[in-house]
Every structure is written in C-alpha cells, then in structure tokens.
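As structure tokens, the structure follows; a few thoughts come after it.
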Amino acid sequence: MKVVILNDAAAVARYGADLFIRQIHKKPDSVLGLATGSTPVALYKELILAYREGRVTFKQVSSFNLDEYLGLDAAHPQSYRYFMNEQLFNHIDIDKAHTLVPPGDAADPIAACALYEKAIAQRGGIDVQLLGIGRNGHIGFNEPSSSLMSRTRVKTLTRATIDDNARFFAPDEYQPHLSITMGIGTILESKKVVLLATGENKADAIKATVEGPLTAACPASALQLHEQAVLIIDEAAASKLSDVEFYKHIERENQKLLDRLGY
C-alpha cells in the first residue's frame, strides 16, 4: 500500500486526477471505477479542466460506479447517476452509454447485481478504481462486518452512514436505507485502487486502514492486500498515523527512484 500525504484537499485532487489522466494516456480505452460523495468532486473538476484544456479525452473510456441507492431512479436528484452526470459526465466527451451505475430502480436488484458483475468482467475488469472512505472505514457501501470477499450485492446502510448522508436529503424527503454496491472482493480485483481522504474526520479511518489489522470491522483495511493500492490523503486525514514523516520519507525516496528510471 502506497501512502501519499499532501498539504491540503486541493493537492489531493490534483494528484489523484493526474493518476487517472496518465492511465488514459497509457490506455485510451481504460475502464474506470468511479465514486460519489464530497471528496471525489474536486478530482472530477480537475478532470473536467484537463479535458477543456485538451490534455485528455474520454471518448474511448468506459466507467463503472461503485454504488447506488436502492429505490431511487436515475432522474432523482439524489441518485448517484444524477450526481455523476452533473459532476462529471455532462462536462466531458465520454459516451454515456459506456458509463454504468448500478440500477437503483431495478425490479429485481439481486439479478441486477449479478448482471453488473458480468458487465465488469466483459469489459476486462477495472483498470483504476477510485474510492472515498467513510468515518467508519466503509468503502462503497461496504459497511463494517462486510465480507472481505464480497461481490456486488444489496447492502443495508448503517445508521452512521444514513446520518452522514442525511444532509443531502430534505427533512421530509424519502432517504433510502438500502443500496447496491460493488463488493470488497470486486474492488480488490481492480488493477489499481486510488483512495482519497481529506479532513480530520477521516483520520481514525485512515489510521485503521493503514496501521490497523486486516478486519471486516474496517472494510478499507482490505486494501492492505492490494499490490497497487494508493492512498492520497491530506495532512489532516494523516494526523493520527504513527509516523507521518516516515510515510513522507518513503514517498520521496520512491519518487526519486521512479524519476531516475524514467517512470
């Protein structure tokens, strides 16, 4: 697991966006795994800027989103399909037919989960998967106690996640308690995983992910098993790690080696 500690949230977004841009340059028909929530928005703004400046094109790219609320159709303003259209897809040259989000209004959500897994496999798997992290260590909607080998499935949201997301819904508006989410096993099959975290409220989750045991109590700790997992975090999110300067030293030395080798 690679840990990159940067000064602030803006630097985290730029660094993360650069990883995705380099991936697309290397493989124009890349399959991207995308995430919602407040943290990825700044990264998406960087991707939109790069597209407008002619530094990247998404014409051959396809994407799969991590999750969706069960019970919301794509036109609902709080659906993740709506979010992705507003925050990214409407502003770049990606073919929306090649952007998949789990169907929150599926008549048979269990069958829809199996079809989602099949679609990922048919595309050859995900090249780079973007993740955020919840205060309780959840990734996607894989809440604590989720199986570390789980696949795309219907999941019940914890009260903590429901409360965290309540700010996006009006007080009298229906708020889903169920979701469709890629499983942890699905995420781990991605060729590369990029997790973003900013703010002191994510510090406990980051410490558990990086320095804690591998455990279903912190779903993100499963990334310890991934050879190409990159955590990009700001100083605040890193504040509870045991030795921040050591992680910075590791990254500096690794970067020197990569620069010398021309990577």
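Here the Cβ of each residue, glycine as well, is placed from N, Cα and C on the backbone.
Residues or ranges marked as active site, proton acceptor by Swiss-Prot on the basis of sequence analysis: Asp67 (among others). Asp67 (active site, proton acceptor) carries a strand DSSP state (E or B). In the shown protein chains, 22 other C-beta atoms lie within 10 A of the C-beta of Asp67 (active site, proton acceptor).
Feature annotation from Swiss-Prot assigns active site, for ring-opening step to Asn136 (among others). According to its DSSP assignment, Asn136 (active site, for ring-opening step) is coil.
The active site, proton acceptor annotation in Swiss-Prot covers His138 (among others) and is backed by sequence analysis. A 10 Å cutoff on Cβ-Cβ distances gives His138 (active site, proton acceptor) a total of 26 other Cβ atoms nearby, all chains included.
According to Swiss-Prot, the feature active site, for ring-opening step maps to Glu143 (among others). The 10 Å shell around the Cβ of Glu143 (active site, for ring-opening step) contains 21 further Cβ atoms across the protein chains shown.
Here the CA atom of Asn136 (active site, for ring-opening step) lies 8 Å from the CA atom of Glu143 (active site, for ring-opening step). A straight line from the CA of Asn136 (active site, for ring-opening step) to the CA of Asp67 (active site, proton acceptor) spans 17 Å.
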